[in-house]
Amino acid sequence: MFITEPSSSIVPAGLGGQKVTLACEARGSPPPRYRWQLNGSDIDLRAGDRYELHGGTLVVSDPRGSRDAGTYRCLATNSLGTIVSREARLQFAYLENFKGSLRSAVSVREGQGVVLLCGPPPHAGELSYAWIFNEYPSFVEEDSRRFVSQETGHLYIAKVEPSDVGNYTCVVTSSGTAARVPGAPTPLLLRPDGAMGEYEPKIEVHFPESLPAAKGSTVRLECFALGNPVPRIAWRRGGGLPLPQKAALRKAGGVLEVPDFQQEDAGSYECVAENSRGRNAARGRLTYYAKPHWVQPIEDVELAVEDSLTWQCRAGGKPTPSYRWLKDGAALALEDRIQVENGALTIANLSVADAGMFQCVAENKHGLVRASAELRVTASAPDFSRTPMKTLIRAQVGSEVSLDCRPRAAPRAVSSWRKGHAPLRGSERVSFRKDGGLRIVNLTKADAGTYTCVAENRFGTANGTTHLVVTEPTRITVAPSDMDVSVGESVVLPCQARHDPLLRGTFTWFFNGARAGAGDDGAHFAKVGGSASGDLMIRNIQLKHSGKYVCVVQTAVESVSSAANLTVRGSPGPPENVTVEEITDTTAQLSWREGADNHSPVTCYSVQARTPFSVGWQAATTVPAVIDGKTHTATVVELSPWVEYEFRVVASNKIGGGEPSLPSEKVRTEEAAPEVPPSEVSGGGGSRSELVITWDPVPEELQNGEGFGYVVAFRPLGVTDWIQTVVTSADTPRYVFRNDSIAPFSLYEVKVGVYNNRGEGPFSPVTTVFSAEEEPTAAPSQVSARSLSASEIGVSWGAVPWKPSNGHLLGYEVISFTFSQLVCGHCRAAGSPQTGQLS
């Protein structure tokens, strides 16, 4: 097989010292040798030093067109055969100078169209064209009036103007050599007989009536017209089809370019030239073609002598490719035994001489492709070393068994069988397969024994042996049955079997397709009942253990199984998607979706609520009070206004209550006027002329809205009208009323109400409070003292006159002094007061 094949190339002619490299590399074992052909003849690589061979790559030094141009092929050969590469064409590009130094002047009338001919010199390789106006580097700029055809090289001027007068030179550039050659100037003159009148367009440049285009190529269609006024060029497609979206207009519409040409782009195209005097059109058809490409190339094959070969070879392309075959680089000779039909090669009754390297060549007029492969033809006596027969086969009574006999042999061996030393003959139960194997159906114990296959062809004989053991079938005697249990229980799934005494049986349990007890879940599973039993115990069963359990009893001959479904019922899973649909000041409308029922239908739901002021989740009051298992909505009532709530739902079934749902989003109830007045309203004390009123502030969860405050009302006992004031702070626990008119220790009726932005709430019950007391204004009289002992003195005095309207007289304060004699130049009395209180 070729890894690299030579490619066609164009090189400049006449450049001394250059080299041309034609790459070729093939893969083979043993490694291939290479040779080259030029125009069908072998190249003598030993002649001179012009040729070098590096691996399979040919290097040609100092190439000359006269001796080296042509078609090259690389041939790779090893002991298995020869393959030929694709053809590579080597061309030499050149560009000669224009002949002649003068060109005749062209005279036209103003407004007339003109064509200035280029006439390129002798050349090989692709050319491009440009025109110089008067002198280099002033090139003619192409527009709607002037056009240079890259097909003909001519310059077309649709309508000559006075500014066009001058000398025009055609410049030809070779893409192969990059050489640029200017022609002789062509003078353009205006005739003196006046301007030419208007005339309809005359198309001078147009594409062929039929133009083949290769798949994937870029197609360029030229169209240009002479005319006065200057014609406009438009393009359209036949049959009303739109132009391909990828198409582009170049040179003011004179060139239609279609890149990446595909079959759907083929069809009729039309160029329309139009001016005020008329219109003209040119039409042509683009036809699609594709070089051959492989759909099914050939691959290496190995067959035995006397076998038949069929080699499929299919390629795509347009037109449809034809096929030919090569063997070892030469055309394959066809005969009765060797035929080619629709590209497929068949060779009957293969011989060793048919082996070699084959190539399928698919070609159409646009190109060809080759696929290479090796045909190996083997001839050998039967040999079991690579495909030995099984030493031992076990099968059960009543079943069928196939004994293979597939030695390597060329040609294919003829097989015969014997049991023990006796030849084996066919019967209703015993048959011989076409591939040499043996088939026995409805086995009995008598079929056990040693079977020998004898394989023979014209090169020799070989035999292989298999020992057949026939056993009683294995049967499950105690099978597991479907069970229904609750979470936390333990259960035993029975599985017991009877098998042939010659065999050993093993028990394996599978749970939902995986081996039971594998991984971290193994602590729940244990086999019980001893070696003769396969009972499976599942401890502390969980919901995840629901499913299909299969007991498999495996022997060396067969595998039998029995399945049971275990249903584990548990409390429900958490409800899903708890949503607050509607909220008021004291109610919330909830909805949710049912969670997993865990194989026990949900019987009821309960709703729980949580606020920033509650201790955890609390049961909520709902309507309906009992929510049955088929209901997924409820209204929570008795909520506090202006409090932020979360809700969750708990499902229950006959097993018990399940896990709660995830909390709903936090929502706040609407505001409402407060309903709870402050408690512990009281007062008293303070300073003269003060009335002190106190209370316990209302908790935030009972304030029912923003703007919460207190209304404090009071009046002297026996007075009808209330005095009211407002305390705006929700946390304030007292109010002090100061007024000089307040009599000491006067009795007042007081009450405290509540309000918020939604309105006023109730007042607390009326209670009585005393105003501040008045301090005593007179000292006790008739104070006397007498000694009672060394450490006690008795003091007595007369009571102070007191009126109850001044308050409660709480007691008296006794102050005593201790006298000492101080010597300081004269005597002076000093005293340290001692105080005490009596009540």
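Any Cβ shown, glycine's included, is placed from N, Cα and C.
Summarised as a single figure, the pLDDT of the domain 'Ig-like' (6-91) averages 88. Annotation source TrEMBL lists domain 'Ig-like' at 6-91 (among others).
The domain 'Ig-like' annotation in TrEMBL covers 96-182 (among others).
Here TrEMBL flags 201-287 (among others) as domain 'Ig-like'.
Each residue in the domain 'Ig-like' (292-378) gets a DSSP state, and the totals come to 3 helix, 54 strand, 30 coil. Residues annotated as domain 'Ig-like' in TrEMBL: 292-378 (among others).
What TrEMBL records for 382-471 (among others) is domain 'Ig-like'.
As annotated by TrEMBL, domain 'Ig-like' applies to 473-567 (among others).
Secondary structure of the domain 'Fibronectin type-III' (574-672), assigned with DSSP and counted as helix (H, G, I), strand (E, B) and coil, comes to 0 helix, 47 strand, 52 coil. According to TrEMBL, the feature domain 'Fibronectin type-III' maps to 574-672 (among others).
Taken from TrEMBL, the feature domain 'Fibronectin type-III' applies to 677-774 (among others).
According to TrEMBL, the region 'Disordered' annotation covers 658-688.
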Beyond the flanks of the region 'Disordered' (658-688) by at least 6 residues, Cβ under 8 Å: 570-576, 578-580, 583-586, 588, 590, 592, 595, 598, 608, 610, 617, 639-652, 694-698, 702-706, 708, 710, 734, 736, 744, 750-765, 767, 769-772, 774-775
